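As written in TrEMBL, here are the features:
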type	residues	note
COMPBIAS	398-408	compositional bias 'Pro residues'
DOMAIN	171-198	domain 'C3H1-type'
DOMAIN	244-317	domain 'RRM'
REGION	396-434	region 'Disordered'
ZN_FING	171-198	zinc finger
């Protein structure tokens, strides 16, 4: 009778915690969970409760050790949801099921690394797949992921841009108080739940499934991140294949030519580096277009030198530079500041009237040309020169002085015969003008 009771208890224990477990020895017993920094909390000293075989894994349905803890003050208690085998197969946190390296959903990570999920869905195939993965995990050094994730290529730029570098502790806040939503909560500030307006039930983020997140299908958070990645700025190469120059902006005062060369030589042969300290920028010219495209792809929004994130752009062709300079822009398309003191655009010259008389003396046309009393040398044969003031008048006394002699005029000076008193025929021209 005792043997029957013992067998019955063993059978109940073997089937009560998991309906599809193949034997009791494969149940998981661990000493510490696999958690991300966000779920673990900001407090380095926390207390955890450990319950051996306390719950079924929500993926493989095998009993595993459940850990429960509070990540901080005014935070909700959290616990592990999947076993460590399922966590290691996907390299995710046991609680939030986000990637441990990038902090992103599995669907986003698999899209960025071009990984296709091959985990079976049926119970029997899932058990067989899990056994093989456990064997591979035991034979590995536990320093890198296993399965398809361990064979994946390097991450794409999308993962590096979307990756969360710091923990997001706001995710550990308590749930919304349902009594407060109904207007019946009487605990006030002592209520451990949040007193906030709940999210819209029609919002896709309000409908999340832990299995969909693990398998990377129909994840609303992943869809939101992928849409954000599609709208992020990109650095498209120019159509002109002759452009092999990259513009590096935002350089500090201490960035040197050798530091730029050490960061860019790995992408291709560098023909020249031009460092403009006054504008805190540099131009790096590669020998080939392929090297320039590779450098632009690897350094766009990711180039950091001396703690400063630098801007990487493509250079411009010579024809575009000349056009931009004429239009008031520099070679990178930035508007040039006007120089103070310089005149603006000159007005067009006035229209010339064909019937207007030629004004050779630049006199005011509204006034008659007044003449000045200047004595001319007496003609030969006269005994005495005429007194001052009785000579032939030439110009107004307040007018401009007479033109200098020919010997004192600057070279290339344009004059007319009537303006030279020393030239033959000037006296007759002046009388004729009177």
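Positions of Cβ are set from backbone N, Cα and C atoms, glycine also.
On a predicted model such as this, the values are computed, not experimentally measured, just so you know.
For the domain 'C3H1-type' (171-198), the model's pLDDT averages out at 91. Secondary structure of the zinc finger (171-198) per DSSP (helix as H, G, I; strand as E, B; remaining residues coil): 10 helix, 2 strand, 16 coil.
Helix, strand and coil counts under DSSP for the domain 'RRM' (244-317) come to 22 helix, 26 strand, 26 coil.
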